Amino acid sequence: MRLAVLFSGALLGLLAAQGTGNDCPHKKSATLLPSFTVTPTVTESTGTTSHRTTKSHKTTTHRTTTTGTTSHGPTTATHNPTTTSHGNVTVHPTSNSTATSQGPSTATHSPATTSHGNATVHPTSNSTATSPGFTSSAHPEPPPPSPSPSPTSKETIGDYTWTNGSQPCVHLQAQIQIRVMYTTQGGGEAWGISVLNPNKTKVQGSCEGAHPHLLLSFPYGHLSFGFMQDLQQKVVYLSYMAVEYNVSFPHAAQWTFSAQNASLRDLQAPLGQSFSCSNSSIILSPAVHLDLLSLRLQAAQLPHTGVFGQSFSCPSDRSILLPLIIGLILLGLLALVLIAFCIIRRRPSAYQAL
């Protein structure tokens, strides 16, 4: 009987122990939080690459953010923050930012933090924003025109007059062409000729004292003439000249040309007379020459009508004219000798045969 009671008591104790096993205070259910990687939502602009890695440990959140931004040209990259919090999170951010900017640019990077429970998050963000800039052309304007062909008529002979009130002070009549030596794309050198169009040329100038000035402006360039009056020698001459223009020659490596010369003494004529020359070349520099064809110029003591005074020929025309005159005189004398010889041969003899 005693054994039965002991056996029943042991059985009841065993059943009671199994029934309360789930409520054992010493047994604890554990929820394991695995390591995780959080990729925040990032709004990317063109040319921006962002990589963010977040690792979870235990107690305190330390975030190190290194941002390198290189911007060329007007670029704006913005990353809006996204924060989701569950539980207690302690964040100690450390941010190192390096920005190199060439041109106006704005870059804003905000971190994204996600926390679950008591966690320590060490996000490492390496963000690089690169925006290619733009290249401005060295020549923003359209290419200049090709040089005009050599003229075959008198249409390119311009008549340019500058008047101070009602009194003209400079009168220029000529066909103007500019010769330049330019470098070709292959590294060689070549001469190019551009002819001035009178219909597209604007005349300006000044008539101050003994230094009259004439400025001819045309598309893509201008010519400047400065004259000097020598009252002691009673002459006037060209003392200064400058040229600047853009023209596109075949296979040229450049199209902007400029030169000036302030030590000239050309186109000299007596006061009150006009200077005339069939072809006068002015050297502004070894690579820039100005040719004045069929030239007629007067820069002092012009009448109110602006008509040219007595013509004063250039030395080159006089040197050609003198041999021509001498040759014509000799040719005339030879013709007279031949005519006299023919007349004598035709005259009958004064003696008659017996």
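Heads up, the Cβ atoms here are built off N, Cα and C, so glycines get one too.
As annotated by Swiss-Prot, compositional bias 'Low complexity' applies to 40-51, 62-84, 103-117. Taken from Swiss-Prot, the feature compositional bias 'Basic residues' applies to 52-61. Residues or ranges marked as region '2 X 30 AA tandem repeats' in Swiss-Prot: 70-129. The annotation N-linked glycosylation site is assigned in Swiss-Prot to ASN88, ASN96, ASN118, ASN126, ASN164, ASN199, ASN246, ASN261, ASN279. Look at Swiss-Prot and you will find 100-129 tagged as repeat '2'. Feature annotation from Swiss-Prot assigns compositional bias 'Pro residues' to 140-150. Look at Swiss-Prot and you will find CYS169-CYS207, CYS277-CYS314 tagged as disulfide bond, backed by sequence analysis. Per Swiss-Prot, transmembrane segment is recorded for 320-344, and the stated evidence type is sequence analysis. Among the features that Swiss-Prot reports, topological domain 'Cytoplasmic' is placed at 345-354, with the record citing sequence analysis.
Structural mapping of features recorded in Swiss-Prot.
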| residue | record | Cβ contacts under 8 Å, 6 or more apart |
| --- | --- | --- |
| ASN164 | N-linked glycosylation site | SER206, CYS207 |
| CYS169 | disulfide bond | TRP162, THR163, GLY205, CYS207, PRO212, ALA299, ALA300, LEU302 |
| ASN199 | N-linked glycosylation site | none |
| ASN261 | N-linked glycosylation site | TYR240, MET241, ALA242, ILE282, ILE283, LEU284, SER285 |
| ASN279 | N-linked glycosylation site | ASP291, LEU292, LEU293, LEU295, SER316 |
| CYS314 | disulfide bond | LEU267, PHE275, SER276, CYS277, SER278, SER280, LEU295 |
>> Taking the Cβ of each of the disulfide-bonded residues and counting other Cβ atoms inside 10 Å, which one has the highest number: CYS207, CYS277?
In response: CYS277
> Per DSSP, ASN164 (N-linked glycosylation site) is which: helix, strand or coil?
Replying inline: strand
> Should CYS207 (disulfide bond) be counted as helix, strand, or coil on the basis of DSSP?
Replying inline: coil
> Under a three-state reduction of DSSP output, how is CYS314 (disulfide bond) classified: helix, strand, or coil?
Replying inline: coil
>> Can you tell me how many other Cβ atoms are located within 10 Å of the Cβ belonging to ASN246 (N-linked glycosylation site)?
In response: 17
> What mean pLDDT does the predicted model reach across the region '2 X 30 AA tandem repeats' (70-129)?
Replying inline: 41
> In which DSSP state, out of helix, strand and coil, do we find ASN199 (N-linked glycosylation site)?
Replying inline: helix
